[in-house]
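A.B. asks: Got a structure for you, questions after.
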Amino acid sequence: MTTATAFEIRTLTPHPTLEYWSVCKIEALFETPFLDLVYRAAQVHRENFNPKAIQLSTLMSIKTGGCPEDCGYCPQSARYHTGVEKQQLLDVEEIVEKAKIAKARGAGRFCMGAAWRGPKPKDIEKVTAIIKAVKELGLETCGTFGLLQDGMAEDLKEAGLDYYNHNLDTAPEHYGNVIGTRQFDDRINTLGKVRKAGLKVCCGGIIGMNETRKERAGLIASLANLDPQPESVPINQLVKVEGTPLADAAELDWTEFVRTIAVARITMPKSYVRLSAGRQGMSEEMQAMCFMAGANSIFYGDKLLVTGNPEEDGDQRLMAKLDLEPETEENRYRAE
């Protein structure tokens, strides 16, 4: 069992309010007939959220490339030749201008990513200044800066950060096949520091990295058994980038991705489930099925860190076709 202060993967000990999800139980959900599974997930979604409201987030890379990690999916690793140029941390003014544009286009949350294994104390000083400036615009803020040292999460919280993104990436059993420079437990430990500091958690994973269905179930089990569950769960479809070890990963059938969205919704009923990276390669019909299966958040903007994303006009047209609307204070409903 892996534990971390204030945030842990639960054991089989009954919890007073949250259900324990075994891998076998989640595998059984995956085996549910497709339309029955989507229908069940849609019911759970409607019990907990306004099904027409989609939370819009914009993601910006504020420090690009040169990461020392060896994540097999990531074009920002310094170990791979992917054409991504290393850039230093951007100036506050440039980031604030991008945040203003994001807000004007309807985003309610501004997410900032930095390609570090983990920030140094001097980096935290700069990042906290950025967070304060973005918060002054009236946006929610989210940061993904890697593994945190003691005290850093508290500094981020004090600066006004709302969410910290730290994905589990994949199941514990598959982790070593994808990443060799850190351990699954390292992720759990940083999540513990984030929770202890009082930050909200954004934590999900990537689908399509040659994992088995059982390993997909293992990822969802790891997420659903975090106590408390993440407020936001981004489900990414692998974006294959030439030069990375996973550039030739096997294709994942679209129904398997929709199944994963549905299972995430059923097992984490009160979490926002974000349809995240990989949308550029999805048809409108596939995205519609994901929304039906319980996805209620997207990244909005033409770029996700260093990979593509659907154009904003295209997202607006799709949402209009599906009678969906951006989430606001007025249309937000979330069950307690």
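Just so you know, glycine gets a Cβ as well, placed from its N, Cα and C.
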A.B. asks: With C142, C202, R274 listed by Swiss-Prot as binding [2Fe-2S] cluster, identify the candidate in C111, C290 belonging to that site.
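C.D. replies: Swiss-Prot names C111 for this [2Fe-2S] cluster site.
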A.B. asks: Using an 8 Å cut-off from the Cβ centroid of C111, C142, C202, R274, can you name the remaining same-chain residues around the [2Fe-2S] cluster site, in sequence order?
C.D. replies: S57, L59, R109, T144, Y163, N165, S232, P234
A.B. asks: Would you identify the secondary structure of C142 ([2Fe-2S] cluster binding site) according to DSSP, in three states?
C.D. replies: strand
A.B. asks: Neighbourhood of the [4Fe-4S] cluster site (C67, C71, C74): other residues with Cβ within 8 Å of the Cβ centroid, in order?
C.D. replies: E69, D70, Y73, P75, Q76, S77, A115
A.B. asks: Which whole-number value in Å describes the distance between the Cα atoms of C67 ([4Fe-4S] cluster binding site) and C142 ([2Fe-2S] cluster binding site)?
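C.D. replies: Roughly 20 Å, rounded to the nearest whole number.
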A.B. asks: Taking the Cα atoms as reference points, how far is C71 ([4Fe-4S] cluster binding site) from C142 ([2Fe-2S] cluster binding site) in Å?
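C.D. replies: On Cα coordinates alone, these residues lie 22 Å apart.
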A.B. asks: I need the CA-to-CA distance for C142 ([2Fe-2S] cluster binding site) versus C74 ([4Fe-4S] cluster binding site), whole Å please.
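C.D. replies: Each residue's Cα considered, C142 ([2Fe-2S] cluster binding site) and C74 ([4Fe-4S] cluster binding site) end up 20 Å apart.
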A.B. asks: Using DSSP and collapsing to three states, where does C111 ([2Fe-2S] cluster binding site) fall: helix, strand or coil?
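C.D. replies: In the DSSP reduction, C111 ([2Fe-2S] cluster binding site) maps to strand.
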